[in-house]
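Peer 1: So TrEMBL lists the following for this protein:
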- 1-17: signal peptide (SIGNAL)
- 119-153: region 'Disordered' (REGION)
- 125-144: compositional bias 'Low complexity' (COMPBIAS)
- CYS450-CYS483: disulfide bond (DISULFID)
- THR603: Ca(2+) binding site (BINDING)
Amino acid sequence: MFHPLLQFLCLLGNGMAPTSKVRVQLFVCCLVLFVLAQGYILRRLSVEPKALTTSSSHDDVIPHLRGGLAAVTSPVSELNDEAIENQARDATARPSEGPWHVGVPSISQAATSSPLLNEHDQVETTPTTPTSSQTSSPTSRNPTAAVGAFVPHPDVGVDDVQRSRMLAIRSAMQHAWSGYETHAFGADEVGPVSGDRKQDVWGGLGVTLVDALDTLYIMGMARARDWVEMELDFTHLGKDGDNISVFEITIRELGGLLSAYDLSGDDAFRARAVELGDLLLPAFANGIFYTQFNVFKQTKTMNGWTGYRGLLADLGTLQLELRRLSDVSGNPIYAERGDAFYDIVQREGSYEHTGLFPVHFEVESGTFSMTNSLITIGALGDSFYEYLLKVWLYSGQRQSDAFLRDLYNDAVQGIETSLLRYSKPDDAYYLQEVTIPGFSGQPKQDHLLCFVPGMLALGTLTDTDPARVVKHLDMAKKLMKTCYNLYSRQPTGLAPDIVMFPGFAVADSRYRLRPETVESLMYLYRVTKDPMYQDWGWQIFKAIEKHAKTSFGYGAVLNVDSAAASHVEDKMESFFLAETLKYHYLLQSAPSFVPLDKFVFNTEAHPFRTLASCYPVDWVDLTGITGLTVNSKAQRRAVELSMQFPNRLKIPLVLVLVALFVGLQIYIVSRLDISPTAGPSFDAFSRPRRWKPSPSPIVVTEKSAAANFAPRQKFIPLPHEGVDETQIARQDAIRRAMQHAWSGYETRAFGADEVAPVSGERRQNVWGGIGVTLVDSLDTLYIMGMHDEFQRARDWVANELEFSHLGRDGDTISVFEVIIRELGGLLSAYDLSQDNLFKAKAVELADLLLPAYEDQGDAFYDVIQREGSYEHTGLFPVHFEPDSGTFSRSDTFVTIGALGDSFYEYLLKVWLYSGKRADDLFLRQLYDDAVAGMEKHLYVHSVPDDAYFLQELRIPQMEGTPQQDHLLCFVPGMLALGSVGEPNATKAAVHLDMATKLMHTCVSYYTRQPTGLAPDLMHFPGFDVLSSIYKLRPETVESLMYMYRVTHDPIYREWGWAMFEAIEQHAKTTFGYGAVRNVHNLTDAFIEDKMESFFLAETLKYHYLLQSAPSFVPLDQYVFNTEAHPLRMNRSPATTN
């Protein structure tokens, strides 16, 4: 009840003059809200503990779903409208039989016996607390946790004709289910003619049962839940040597479990879905999945009949199921595996810019087949196009998925231009097939293609272009008529599987109980409200009853073009119960029953709750409100209301604060309601922010809300976007180098801090025994699209990463190294993947490190401002006296290299990360002063070498040492980054010129050596080598990446590629890459048995990003820490104070 009050408050505050009377009214409303919130909390806390944890059984929640109507049988020859409707009415008066069938008098009575519903037609039940044997609670938001069970009210809003039809369809479902339950319960299929038990058609997973779960639920019929919980077993898969079809198991079995969970709220279904999803994960690799997979042997391949090529309809059809599984489980890996194919789709583009794609995919090259293939919206291609729309709808039409809607719109345009044809003799529109190359059309249409009218109709519901809506709906109606004529033109009234034009010539005379036509009729009726579509569907259903009904169900009909010779095959696909009968039932029901604005149907007709229906308000990231934590939908709603007002209107600060306060109270209660163990963890969750809040007043406007409160989505790697073939080839080579380094670590030292690249030795404790190489590499794996490797690393973090042992052996840890490598790696992995696991681990580690600080957060910057730079040079000594809290003034030096380097780097980067807010402006000023000091005191020109370098400066003598270490080569990149957005054009030009000259020197480190690798320390003049080891350092390639992104000069890419080739030639070992000694002498050069974690975290990542487009991990959205971990900026630079 708080949301309407909050909205009222916000509207009142913006719509009335700020008189004293109004202020009093606002104060009273705020006080009422406060009292109500506190009273509600006390009431909830006074409830006995068991009241928060006891879950109602499914039987108690929905008693009327225990049974169904008895099977209705009649000689098919006597069947007509009146007979069907009489049978349905008679069935309501007869008791059901058997322990699975507790009679339900009628649909209406079933509906009225529903449990108490709330205002959203949701069952009011106590939340179920899963047991540990089922599945762990999601680590991220669970979009169905607060939704409750869906309760069928099928006859609301329908007349007597529709009601009688629904009863007849329900009786047909009961007949099919009875045959299966009696003769093949738990098997994959039943023979509808013979009654044979067909145990293993799809793997022996009870596919008909699981595929039918939601149909049973929607029709208020018999339950099969207990078998799923007690008998459904996946452990036998593959032990007989057989493969499973990943596609079919996902859409039928996984989809059935997810839908049953979405409708019932029963966690048993979610637990089994997660179990199955985990088993299927290894079938995915390199952005695709392999259609044939042996779970036991972990072997996978494509279908032989496709020439071992992938199929468009396969690869582009599991994204909806996998996204839903991620959302109900809290594990993003499923969605990531599915969505990876969309990266390929965007990279490859459609065939000759038609918006359409070849149906074959070359696994080896990762490209679509351009020869010996075809383009079709029918078999082999169909559901790819369907899911472009449906995945976008499922996501809540969020902006990050807008590319899917764009792909869909382009595809429909391509359908209209390239495939839509008119057969004048038949007055029929159809969609041809096209072979490629040559783009030669075939005037055929299969039944599978008849989903298209429904897809087009569904797409019009959310289309904002009126002209396009009219065009798409017109196309849908024309194709719908053709699909219905597939039935009406045959003497049996049933459709053949394939026809040719002109003439509707039958090419395949089988009717396989397919659902596509009635599916489209359902969508057309719900969009247009034209009852003609209901009547067409009823004619089809009567033909099914007359010609396909058997003793034990319904069978595929052969020879539909001959009523006398028609024959029923002993085959009843599970989709007849899952799809065909469900769509017939929904066609005759009201559009508000399983509504299209709350559910999206997968390609097997399993309805999934959309994210928009799970979250009535969009969840957005409001951490940009400086100094305030935002924890609940109530708080988010308060800010979202501001977005609905014109710019001239502003919400009074008191209203925002009240909304935030009330939202927090509601959140506390919701945490205690959902999880009885939430109390102990709440202290950490609600701990105040450690940084200093801005004193600036919060002004929430439409403009600022849109800029500062934008939702954070996970980063989707699209590395090949915007680069040419040369860069793609280089990226692939660098990725292979990462795979080689990772493989050595994973096979020899997985979970250890390092692997020895020469010996393969496991080095468990280098930095504390906390898997530093693994954690340091997480974001590199993610950015390079190494999904399988990332998932295995993620699982180790979840199950094995442990900090409790730190210090027990008496050893200390390096706070600096652990923070930049381990903490930085966890934070970056979270920022890229949005997996809350990484955030939780980062907080755990940070809490352990806090005692290492005498003060919190920004304390050192307070010291910096108090002490000031050395002799007002803008530069600081590298040594600090902790006892006195001052910088050393003797026996020390000033340098931008080792011991001083990242301090200057972070002056700039912390300011950029904060969004350039006014409170942090002192950091930018310190940075500018430091660069001026570099130029004046450290920047030296070695005339004999024509090289610029940054010397070290001894103090207090102020004597320069003409040497420069490799670490200092980060400076050109820092200067280039600092020049971006610099309002002083002269200063920007000076900084960029200095960066260019220093960059040339750093590259010369490499080019002057016979190995092409840089020594660690050089002396000027002469580039004399003082330390001849190349430690796999990243600083030069880091700066090359920044220089390229700022200047777009390809020379920097070429320099970087030459460096990478030298690494490949001289540093590669059996188990990774090692530091190279004596880089200045080819004869004496050798590889050291040492591979620092930063080689994977920094060096290879920067090489990869250098060859990528600037829009890939862009610098206006991410700031890289000194270990190359990209962290999302707090705000866009466009929203500076």
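Just so it is clear, glycine is given a Cβ too, placed from its N, Cα and C backbone atoms.
Please treat TrEMBL annotations as automatic predictions, because they have not gone through curation.
Please go over these features one by one and say how buried each is and what sits next to it.
Peer 2: Applying an 8 A CB threshold to same-chain residues 6+ apart, the list for CYS450 (disulfide bond) reads LEU479, CYS483, LEU486, GLU516, THR517, GLU519, SER520.
DSSP assigns THR603 (Ca(2+) binding site) to coil, not to a helix or a strand.
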Peer 1: List the same-chain residues at least 6 positions away in sequence whose Cβ sits under 8 Å from the Cβ of THR603 (Ca(2+) binding site), in sequence order, or say none.
Peer 2: ILE251, THR317, LEU320, ASP382, SER383, GLU386, TYR387
Peer 1: Taking 10 A as the limit, how many CB atoms besides its own sit near the CB of CYS483 (disulfide bond)?
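Peer 2: For CYS483 (disulfide bond), the 10 Å Cβ neighbour count is 26.
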